[in-house]
Amino acid sequence: MDDIKNLIEDLLGGDTVFNNTKILNPEYIPSNLPHRENQIKEMTVSFRDLILNPGSSSIRLVIIGRTGTGKSVTTKKFGLKLREIAHERNLRLEYVHVNCHRQRTLYLILQEISQGLRLQLPNRGLSSQETFRIIYDYLEKRNIHLVITLDEFDYFVSTAPLEDIYFLVRVYDELNVTTKRLHYIFIVREITSLSGLDKSIKDHIIKNIIDFPPYKSTELYDILADRVYNEKAFKENSVSEDVLRFIAEVHGFDKGGSGNARISIETLELAGKIADSENSPIVTLEHAKKANSKINPELSALIDSIKELDLHQLIFLKALVLLHDQEGIDFFPIGKIEQRYVELSKNFGEEPRRHTQIFEYVRRMKLMGLINTRQSGRGMRGRTTLVSLPIPISMEFKDLINTEIRKRLEQSRIS
């Protein structure tokens with residue numbers, strides 16, 4: 001008897017709590033975007049001239065926010081609806097969304113824009129300038145306006161040569177055309193990723209900024225409820241409000257979570273899969289708890305690593321957490337963290353360690369997986385080490401750091 005085959009057959013042919021898992025996919029664009037109405041209003045105001053007075057100006061818009069705050073899905077939805085409204089007004093408008101983390105070079109970005117326009121390029125290798133000229137001529141001949149969203153633009157800024165950034169942002173304006181057909185939306189996690197750019201580039205980009213704050217627990221609940229009850233991701237009555245409330249409370253920014261809608265939806269989907277694996281007709285609170293522990297397995301490993309740190313390593317980590325909480329961005333220059341570390345050390349009555357020792361702390365904690373580091377990139381002034389945390393900061397994470405600091409201080413006073 002083939003037990004393995006029977007096991008697989010049973011699961012494949014068994015009942016499921018899901019109705020349509022596509023609705024839980026990160027790339028899915030829902031009908032509604034709860035708690036992003038204000039951002040859509042701001043985007044509409046920024047692009048009003050494109051619809052009412054097309055060609056009068058080239059619009060630039062920057063969208064900032066942490067991972068999972070709805071930046072990409074809201075921008076995609078806005079771009080598609082703006083295109084629909086323009087067509088109803090007999091205005092030829094196209095929208096292209098480019099992920100700069102996937103399309104990592106200027107050449108690949110221009111190729112993606114061409115594909116988004118369904119534009120056939122010659123088989124021979126083209127330079128970026130030649131590709132841009134073909135795109136521009138295509139828009140001119142067909143009287144088309146184009147909105148380009150450059151998602152994860154901060155990644156492009158940190159890796160691309162300065163001349164490529166300049167080309168992408170400024171070349172169209174240097175053509176000195178009368179009718180402005182190109183418009184840009186830049187999506188970044190933090191505005192500081194642009195602040196070190198050359199002034200001629202930075203001033204051109206940072207004009208209109210729209211902030212996407214982390215979601216509160218009540219907002220996450222509404223998002224999850226929309227996917228379950230309105231979009232019908234799950235079968236009727238298979239997911240209770242208590243399950244949604246639990247996930248929202250765990251991840252809500254006001255409750256010490258990350259405010260990340262993507263992780264919340266992933267947790268809900270995994271809870272459903274666990275229910276299916278147990279042949280349960282409903283998703284229970286226990287399924288949600290199991291899913292939550294699996295979604296963030298790094299936390300348990302980090303807890304063990306944190307307990308191995310000495311006092312000053314813990315103070316440095318606390319400095320990073322405090323900066324993250326206060327400024328709401330992911331990466332900080334090592335010098336800025338060191339300044340906060342010095343302040344905290346003095347508050348604890350400790351003599352701060354020297355600069356070289358701080359670098360050694362960063363090196364060791366990176367090897368332990370407690371922090372991530374990267375260089376500021378060629379598009380920035382100078383080069384410095386940027387430091388971030390590898391997981392969303394929870395109250396459990398903060399409490400553990402504070403507890404371990406207290407233990408080290410007590411031990412040092414006893415000895």
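Cβ coordinates are placed from backbone N, Cα and C, and glycine is handled just like the others.
What Swiss-Prot annotates here:
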- Thr69, Gly70, Lys71, Ser72, Val73, Tyr215, Arg227: ATP binding site (BINDING)
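In three-state terms derived from DSSP, Arg227 (ATP binding site) belongs to a helical segment. Considering only the residues assigned to ATP binding, Thr69, Gly70, Lys71, Ser72, Val73, Tyr215, Arg227, the longest pairwise Cα distance works out to 18 Å. Around Thr69 (ATP binding site), taking its Cβ as the centre, 25 other Cβ atoms fall within 10 Å, counting all chains. Annotation note: Val73 (ATP binding site) sits in a helical segment as assigned by DSSP. Burial estimate for the binding-site residues (Gly70, Tyr215, Arg227): highest at Tyr215, by number of other CB atoms within 10 Å.
DSSP assigns Tyr215 (ATP binding site) to coil, not to a helix or a strand.
Packing around Val73 (ATP binding site) is summarised by its Cβ count: 18 other Cβ atoms lie within 10 angstroms of its Cβ, all protein chains included.
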